[in-house]
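Annotated features, as they stand in Swiss-Prot:
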type	residues	note
BINDING	ARG87, GLY125, THR126, ARG127	phosphate binding site
Amino acid sequence: MKRPSGRAADQLRSIRITRNYTKHAEGSVLVEFGDTKVICTVSVESGVPRFLKGQGQGWLTAEYGMLPRATGERNQREASRGKQGGRTLEIQRLIGRSLRAALDMSKLGENTLYVDCDVIQADGGTRTASITGAMVALIDALKVLKKRGSLKGEPLKQMIAAVSVGIYQGEPVLDLDYLEDSAAETDLNVVMTNAGGFIEVQGTAEGAPFQPEEFNAMLALAQKGMNEIFELQKAALVD
């Protein structure tokens with residue numbers, strides 16, 4: 001089996017994490033997984049949703065979108081259609097769930113963190129790139145809150161990151177690009193903590209059912225890739 005990119009089965013794409021990419025947000029990152037590029041910002045607002053008022057804890061929510069020409073053909077803006085699509089809603093909920101798992105909300109004070117992930121170029125793995133980049137932007141936003149004296153302690157419990165794995169031409173592969181993803185028999189998106197715990201595993205057999213041993217092989221690939229991604233996050237956060 002030869003991957004279209006020429007990468008080994010267990011090889012990540014080239015990953016770059018550029019901090020402070022925009023001027024105004026408390027945390028901002030440009031994350032690049034190969035040709036997939038996502039701008040991730042984290043904005044802080046005082047106050048929490050109504051269901052949390054008076055409880056002394058914070059909240060985090062996420063939104064996800066793509067530029068119309070992030071893909072090979074132009075897509076209509078969801079705003080012009082008047083509603084978000086099911087895929088968009090699914091992805092932004094995944095991003096929010098994943099990042100909330102990194103935090104102790106009781107230490108945030110009554111502040112809301114708004115995570116915005118905007119795909120400027122898509123070549124597969126946009127949701128996993130979004131989670132990975134947003135984690136770094138989130139840490140920068142928490143530093144701002146700490147300087148303001150808005151925190152009630154250390155809210156960061158753990159780092160998180162995400163990566164895709166799949167079965168391509170009968171073999172498990174790591175970090176699928178669009179050509180692989182569109183032809184894969186199976187596609188998994190895996191979210192993990194830096195302590196090795198799983199937060200979420202989303203999987204679909206598109207071509208043929210996958211066997212337990214293939215599932216375990218994909219998880220092992222994800223763990224290997226994740227270890228490398230956590231090191232890249234750590235390196236990006238060095239001031």
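Residue 1 is the first one shown; counting continues down the chain.
Placement of Cβ uses the backbone N, Cα and C atoms for every residue, glycine included.
Take the mean position of the Cβ atoms of ARG87, GLY125, THR126, ARG127, the recorded phosphate site; other residues of that chain with a Cβ within 8 Å of it are TYR64, ILE91, VAL119, ALA122, GLY124, THR128, ALA129, SER130, ASN189. Each of the binding-site residues ARG87, ARG127 was scored by other CB atoms within 10 A of its CB, and the lowest score goes to ARG87. The binding residues for phosphate are recorded as ARG87, GLY125, THR126, ARG127; their greatest pairwise CA distance is 13 Å. ARG127 (phosphate binding site) falls within a helical segment according to DSSP.
In sequence order, PHE33, THR36, VAL163, SER164, ASP175, LEU176, ASP177, ASP181 are the residues near GLY125 (phosphate binding site), counting only same-chain partners six or more apart with C-beta under 8 A.
Neighbours of THR126 (phosphate binding site), defined as other CB atoms within 10 A of its CB across all chains, total 23.
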